[in-house]
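Residues annotated as transmembrane segment in TrEMBL: 6-23, 44-63, 155-188, 195-215, 235-259, 271-292, 304-328, 385-409.
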Amino acid sequence: MNWLTTGLTVLVVLTVLGSLFVVSRLDPRERRWRDVLEDRLVLGVPWGTLVVVGFVIAVYLFVQDGITDFDNPVVTPFRAWSFFYPLGILTAPFAHAYPGHLTGNLIGTVVVAPIAEYAWGHYADGSRTRNVKTNSSTSRSLASSLLTNPWLRALVVFPAGVIVVGVVTGLFALGPVIGFSGVVFAFAGFAIVRYPIVTLIGAIGVHGTLSTIYGALQRPIGWYVVQPRPPTAPWWASTAIQGHALGFFVGLVVALVIFDRRNDGYRPDPLALWLAVLVYGFSKSLWAIYWFDGANRYVLFRGPGVVIVAALALVITIAVAGSQHSILPARLERRLSRPTAPILEDGGLLSRFLADDAATDERIRELVARPKSRVPSLAKTSRQYTAVVVVVVVLAAISGPAVPVNLFVLDGDDAGSTEGALAVEDYLITYAENAQNPIASVVDLEAFDAEGVEGSGVIVSSPDRHIWSESVSAQRLAFSGSETIHVGGPGWRESITATRAGWTPAGNDTVYQVWLEHDDRRVLAHASEPSTANAIIDGKNVTIVPDDGAFVLEVSANESADPARADVPAADESVTVDGLEFTRLRNDLFVTTGETTVQIASKERYK
């Protein structure tokens, strides 16, 4: 970091802090914000949020070994692979895949978690004022006093609740997810019930502001060069939309339960709540429902997603701020609530028939007249209660699909062939093309598209951990030429390097080989099919063949004859095969016959 970068970083900090100081001095209401914060938070500080942030950072540094290599933490063993792999279930909600993943979720936590913590309150009844009144009129047991102690609620109860919510998102998130974002969405779902507009502004505006400031602190001035990028899936196909929705609804349901039990009479403005939920759902891409349409192809259901978010925003608004009136229209309720036996009314047929038998008349009335209403329970069901039931059903519908997927069990046969593979502790690392993804066998995805359940690239598997992962796609390795894969567990890591090299004959597919290397071991993991140049030189075909780590030229006049063979020459060298002279100039291979020279192949280049 040079003096200019350092100076700009300091200038950014001073500008932001100076702006806050000046604005605070302009506010004529002295100590107002501090008083508001201290009414619900001990000393006005969200201690629980600070504990949670420290916990997440500790997981990244010490569990994932980010302290050894901050940019490359151990990721694979800390994903939620299966119910039968508890380490992944317990760590996935708090682990992260890379530094940007960590900082993005921490910024979201710093913004939204204090709002949720403030809504919950460090005091048993929400605020210090109500808590003092309650304590003066009631006596508490020792256990109750401990659970209602503000410091314990701040430093223990709130973080413990966050961990429980995180484990729930790990249990019911779809697929091998990783990251704290599910809990961040739970914070938002909880806070939006109490403070919809504040939560919306924080989650969208303040989050973006802090992200920009953090980026300016990291790199005040950046130099960028236009360069190609590796093939990647659309952004929404690599986002855990189901996990985000799950977290949001978990936070929402927890808020409904807590605030209903608190019964402090607070009711948010319905329009503000509906608008906040709608805008939050759209801005956080909860509408991005997608499915697979074969290998490396996806279908985005944007329209249905927008409809679902809009409908759920209405349901959530009714669940939080709806009325206690019956779900039935008043006119229909009156009609359905009429007596079921008008024959029993005074002056009715039964009254005239049993006029002289009072005992029998009373008994018949008792038996026949119940129930008075045709739909008594439905008429008594409120609109708010109905909406709450719908919210719970939606939560169950979001969670349900994860159950069969997370029942995945990997046996030894599913791990793949050990030929051309590297074994590192309980991990097996190999390279495969169009390999069947065994996770898909839990759910019959082939009924939709068989290609969508195949993987190509560097495969990491572990039957002991029920792990099967396409850690590096074939496309990415073809783009970069070399990738490093990290495996391990709590307290240890190992690094494996995958390397690809290949030649592309003129007008045809690339011939390539892939090697895996760990410590002093290097194995040939994969060799592609031979490929023939789309050119005939002096009546002869030229084919490049992968051969046990080397590349061989085969020259043949026809398919029935045995070809002449020679290794592809080294840079700036030549070789003659069956009358054809092959000359390599750096990464290009030329063939000469007579006075004619043409390029016949080129070495695969990587970015």
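Placement of Cβ uses the backbone N, Cα and C atoms for every residue, glycine included.
Small disclaimer: the values here were computed from a predicted structure and weren't measured.
Remote same-chain partners of the transmembrane segment (271-292), defined as residues 6 or more beyond its termini with a Cβ less than 8 Å from a stretch Cβ, comprise 185, 188, 192-193, 196-197, 199-200, 203-204, 234, 236-237, 239, 241, 244-245, 248, 298-302, 304-306, 308-310, 312-314, 316-317, 320-321, 445, 448-449, 452.
Nonlocal intrachain contacts for the transmembrane segment (6-23), taken as residues 6+ away from its ends with a CB within less than 8 angstroms of a stretch CB, comprise 213, 216-217, 220-221. With a threshold of 8 Å between CB atoms, the same-chain residues lying at least 6 positions outside the transmembrane segment (235-259) that come near it are 116, 119-120, 161, 165, 168-169, 172-175, 177, 179, 181-194, 266, 284-286, 288-290, 298, 300, 316, 319-320, 388, 391-392, 394-395, 398-399, 401-402.
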